[in-house]
Every structure is written in C-alpha cells, then in structure tokens.
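Over in Swiss-Prot, the protein carries these features:
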type	residues	note
ACT_SITE	Lys264	active site, proton acceptor
BINDING	Pro83, Gly84, Ala85, Trp86, Asp104, Asp178, Ile179, Asp203	S-adenosyl-L-methionine binding site
TRANSIT	1-18	transit peptide
Amino acid sequence: MILVYNRIRSIISSSLGRIHVRYNSNSQNRWLNRQLKDPYTKEAKVQNLRSRAAFKLMQIDDKYRLFSKNRTDQRILDLGYAPGAWSQVARQRSSPNSMILGVDILPCEPPHGVNSIQANILAKRTHDLIRLFFSKHFQLNRHDDLHKDHGYFQNMLEEELTHVKDTELYREIFTSDDIYETPNTNSTLIEREKFPVDVIISDMYEPWPQTTGFWNNITNQAYFRMANTSGVSIRDHYQSIDLCDAALVTAIDLLRPLGSFVCKLYTGEEENLFKKRMQAVFTNVHKFKPDASRDESKETYYIGLKKKRNVDKLDVFSNS
C-alpha cells in the first residue's frame, strides 16, 4: 500500500469529473528523507508538538522573552496558526490564565487551552471579531464545537458583535482615534479595549494558485490561507512581504503600546523597506534566524518590541 501511494497519487475532482494523476518525483523523495532524518521533526513527535516550527518560536522566545508566566492576563494572537504548533508554545510558556486566540482561514481544531476562529486577517471585520474576543464583554466560559464553515467561537462572536455594535461603548472603543489625547478616567480602559493584544505571532505563508477543485466553503476559503511556498525565491519573497504587511497592519490596529510582535519573512530586495516600516511601529526591531530553521531556507524572523504610541498606518506605509 505504501509503495503504491509513493508511486502515484490520484486526485479526483468530482465537480469537473476529471482525474488528475501526479507521479512521485525525486524532490518529493528528498523532502521525505530530510523529514525522516530531521532531529526537530523527531523531537516534535516525542513532545507531541504539531510541527517542528514550534522549536523556532521556542528559540525566538528564549532570546526575546515574548511570553511570561508571571503575567496572569497576557493576551496572545497567533496569525495563520494552523496546525497549531506556535499556539502550543504560547500556551506552554504563558500563565494558565492567559488568553490565546488562533486565526486562520482554515478550520483547525486548536490545541488544549487555545481558542480559534476561521477568518481572513485581511478583513477589517476580522479585526473587530478579534477585539471583541479579547474584550471583557465576551465570556470565555462557553463551549463551542468546530463548525464546518468558521471554526470555533466565530458564530458566537458574530452574534455578539451584532448586539453591541450600536452601543455607545462600541463606538467609543472601535472608532475612537483620540484616546491618548483625551484625559479622562476611562482612557486607560478604552486603550485596553481598543488595543487588547499583548503579543502577536505570525507564521503565515501563501499557497500556489488553485485552478480546480472549488466545491465547498471550506476548500474555497481554505485555499486563500497562507499554505505552501513555491520554491521560487523571488515569488516567495514578495508573497511573504504582503503577508508580513498584513500582520503589521494587524499589530497597528490591535497590539497594545509596548506590545511585542513576530513575523516570518522570506528574504529579498524588499526586506529593508519592510524593516523600515517595522521601525516606524516599534522602538526595537530585530532580525533573527533560529537554529531550527534549515540552513538552505530563505526564511528569517522579524521581532518588534515595545510598540510605539500613536502609530498611523498611512504614515507607516506612505513613507516606506
């Protein structure tokens, strides 16, 4: 059975009534051999981690101290979180009472102690849902099952968002741009509600174009997830820049002042411009390639520490 599977893979597209046959290639054999010999892959299985990528975040956290077990209310947002390895690390290295939300366009069962929604991080409504999830108005002692269309909790969040959208508090939190300049007793509360996240981690990457197989909501939406690198360094670089910018916009909108940020980037000619945008948002910006990253990989990680106050998206992106 294994030999037959390795020799040939048949993909049946029921909507088009066609069979696509793809033979195994030397590159697939090399990838499989590399996986079997890789020490991080083996150790991930031993530690019951969902992928070897967990060790990259561990090494980043060892150096930059993103998570804290001493903070009882740390709020962590994991972008492109499926299959959930980074969320596992965040759960292990933060306090039991910390709140962790994974966002991915694929439905994926989150690790124990982690919540998730299926959503497109490029959509403003997703930012509203994230903000609402971390707000004191959304009670987290509810049980929700994995939904075929939207993962966990999103249907509850959608209902809650509809209920609170016309309230004065919603308008104050979601539309206020002058919370720093208005000295009143509620300014700290409003700041915390508008910028509810302490740490944003992003390991997003983007897929190949899909030309067939659109047949239901899950596969249609899941396709737009940041899924597979192409192996073409120029293409991977430009796609990763777009996703890093999307993560950076999320940080501008949701990350609290002095908060921390991590994103993966494939190196290339636009890297310095992205670094400049990072420096407009964070006081300290670092570039780091963990030992768990393969030597031949073009990936690197940018870490932003101590987010600045009064960051304007237009200024950040128009000046770089």
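Each Cβ is built from the backbone N, Cα and C atoms, and glycine gets one as well.
Structure coloured by features recorded in Swiss-Prot.
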residue : record                               : contacts (Cβ under 8 Å, 6+ apart)
Pro83   : S-adenosyl-L-methionine binding site : Arg50, Ser51, Cys108
Gly84   : S-adenosyl-L-methionine binding site : Arg50, Gly102, Cys108, Glu109, Pro110, Pro111, Val114
Ala85   : S-adenosyl-L-methionine binding site : Ala44, Leu49, Arg50, Ser51, Arg52, Ala53, Ala54, Leu57
Trp86   : S-adenosyl-L-methionine binding site : Ala53, Ala54, Leu57, Asp78, Ile201, Asp203
Lys264  : active site, proton acceptor         : Ser202, Asp203, Met204, Tyr205, Ser240, Cys244, Glu299, Thr300, Tyr301
Binding-site residues listed as Asp104, Asp203, least Cβ neighbours within 10 Å: Asp203
For Lys264 (active site, proton acceptor), the three-state class that DSSP assigns: strand
DSSP state at Asp104 (S-adenosyl-L-methionine binding site), helix/strand/coil: strand
Trp86 (S-adenosyl-L-methionine binding site) - helix vs strand vs coil (DSSP): helix
